[in-house]
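Novice: Encoded as structure tokens, here's the structure I'll be asking about.
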Amino acid sequence: MAGGGAAPPPKQEELQPHQVKDQLPSVSYCITSPPPWPEAVILGFQHYIVMLGTSVIIPSALVPQMGGGNEEKARVIQTLLFVAGINTLCQSFFGTRLPAVMGGSYTIVAPTISIILAGRYSNEADPHEKFLRTMRGTQGALIIASTIQIILGFSGLWRNVVRLANCSVSVIRFLSPLSAVPLISLAGFGLYELGFPGVAKCVEIGLPEIILLLVFSQYLPHVIHVAKPVFDRFAVIFTIAIVWLYAYILTASGAYKNARPKTQVHCRVDRSGIISGAPWIRVPFPFQWGAPTFDAGESFAMMMASFVALVESTGTFIAVSRYASATMIPPSVLGRGIGWQGIGTLIGAFFGTANGTAVSVENAGLLALTHVGSRRVVQISAGFMIFFSILGKFGAIFASIPLPIFAALYCIFFAYIGACGLSFLQFCNLNSFRTKFIVGFSFFMGLSVPQYFNEYTSVAGYGPVHTGARWFNDMINVPFASKPFVAGLIAYFLDNTIQRRDNGVRRDRGYHWWDKFRSFKTDTRSEEFYSLPFNLNKFFPSV
């Protein structure tokens, strides 16, 4: 009967749940399958553009407080890009071998600000001299802090079961899909403050970028059919070019002539001060700001921040492996990657970036947007980072893209990482009350506890833990202000203490799905995805 009647009953296969997948399907180029060279170069440049946001935001926030001007800010940005290129290459060749871009870390910002506010620098009258002294103090703290990542990564404490005083010590071997969900999800969702609040600082530029990126990546590929995916794969380049040109027209036409100074800084394309401060050609070199200085308290605080960054990067590494269509990272490979992250932090400390090293969450999200998880693409992007950091003026042109445009990109990229974490629930029993409690409670506390710490800090000017020792305050306030750290810690503890030895619970938490990846040799795909190049596995075997 036309327009009426009941819908036909569903077929039997339609009633079956979606199949669980060890590797993410529908990825056009996985970790070991590079796209053609022209396409790979464009995709690599796209990764370079995306990582510029963090590389500009962190120095722009720190350098003025340190006493530096536009010239110092441009040099720090150059150095951060140069070191990021080196660390990305090291990570892709000798670390996890994943297509992970290694950039700056927001977690390191808080202890760095504490160093800037230290009493021994407050009496310095010359701004440039104050900048040099605080930079050298930050370098010393980061040199010491890098050791915690190097030791935990290469010693085996983070990856394998190590016998200490007749006790088994390990971290990753007891990680299950259930406890990984909050850690990975809040590594993305937890950065919401960098999303739309950044867009709203210049909504006439940021909002069009969000809308255009949605149209290019999600709608145009289904409306305009071409032989190869173009609109979604290169959506970032297309949309940034359009909105950047639009922002330039607004600036040139005098739209912000009478605007407030803050509005001009966020909206105009000529107010970053990076182009004027950048040299034409300059190669960053170690200890360019002078010999590092050391303070025990600052080093302890930075070590705690370094540990938090290590935990956050663990979640992002797992997300990168998923979007690269690789299998779960074996613990030995993940430990190797953490160790190289520590080396990256040490290199950054030598060069003077005023920041540590962590996996770029936004670039991990870009892997999902493009459906390209190729290792070669990220290695090419590292080449762009090094190239444009040396050619200062040319690199500064791209670094002067208004920050609300990057904030618009983050709204999508961070969401992809959050969704990646949720996708690991496919390995768990969602009908279990235990599962519901652990996921729900860890998510809630992972958002609520850092919210309290951050709100307290914004109102009082210092964290809830406020003693006479600033370094001790940071050791407590910094980890509990990190959403993925708090959520991951709670989920990990609950998952390994509530009825863990029950065989049914073992299946509920999805632990059995990752059994074959807990050793490098138990799954043949690990050799394909994670083995070291140049036959280095003979000298540095993975276990």
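Cβ coordinates are placed from backbone N, Cα and C, and glycine is handled just like the others.
Predicted automatically and left uncurated, TrEMBL annotations should be read as such.
Quick paste from TrEMBL:
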TRANSMEM  45-64  transmembrane segment
TRANSMEM  76-94  transmembrane segment
TRANSMEM  140-158  transmembrane segment
TRANSMEM  170-191  transmembrane segment
TRANSMEM  203-222  transmembrane segment
TRANSMEM  234-256  transmembrane segment
TRANSMEM  377-399  transmembrane segment
TRANSMEM  405-425  transmembrane segment
TRANSMEM  437-453  transmembrane segment
TRANSMEM  476-494  transmembrane segment
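For each listed feature, how buried is it and what is near it?
Specialist: Residues 108, 111, 115, 169-172, 292-295, 298-299, 301-303, 305-307, 309-310, 314, 331, 334-343, 345-346, 348-350, 355-356 of the same chain lie 6+ residues outside the transmembrane segment (140-158) yet bring a C-beta within less than 8 angstroms of a C-beta in it.
Within the same chain, residues 42-43, 45-46, 49-50, 204-205, 208-209, 212-213, 216-217, 263-264, 267-270, 366, 369-370, 401-402, 405, 408-409 sit at least 6 positions outside the transmembrane segment (234-256) and bring their C-beta atoms closer than 8 Å to a C-beta of that stretch.
Same-chain neighbours of the transmembrane segment (377-399): 29, 34-35, 40-41, 43-49, 51-52, 55-56, 74, 77-79, 81-82, 84-86, 88-89, 92-93, 99-101, 272, 274-275, 277-284, 363, counting only residues six or more beyond its ends whose CB sits under 8 Å from a CB of the stretch.
Note on the transmembrane segment (405-425): residues 50, 52-53, 56-57, 177-178, 180-189, 191-192, 194-199, 201, 205-207, 209-210, 213-214, 217, 236, 240, 243-244, 247, 315-316, 319, 322-323, 361-366, 368-369, 439, 510 of its chain, located 6 or more positions outside it, place their CB under 8 angstroms from a CB of the stretch.
Here the transmembrane segment (476-494) has long-range neighbours at 107, 110-111, 174-175, 178-187, 189-190, 301, 304-305, 307-308, 311-312, 315, 437-439, 441-443, 445-447, 449-450, 453-454, 457, 463-465, meaning same-chain residues at least 6 beyond its ends whose C-beta is under 8 angstroms from one of its own.
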Novice: In the same chain, who gets a Cβ under 8 Å from the transmembrane segment (203-222) while lying at least 6 residues past its ends?
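Specialist: Beyond its ends, the transmembrane segment (203-222) has Cβ neighbours at 196, 229, 231-232, 235-236, 238-240, 242-243, 246-247, 250, 267, 369, 402, 404-405, 407-409, 411-412.
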Novice: What same-chain residues lie close to the transmembrane segment (45-64): Cβ under 8 Å, and 6 or more beyond its ends?
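Specialist: Contacts with the transmembrane segment (45-64): 72-73, 76-77, 80-81, 84, 101, 103-104, 106, 109, 112-113, 116, 131, 194, 234, 236-237, 240, 272, 274, 354-355, 360, 362-363, 366, 370, 377-378, 380-381, 384-385, 388, 398-399, 401, 403, 406-407, 409-410, 413.
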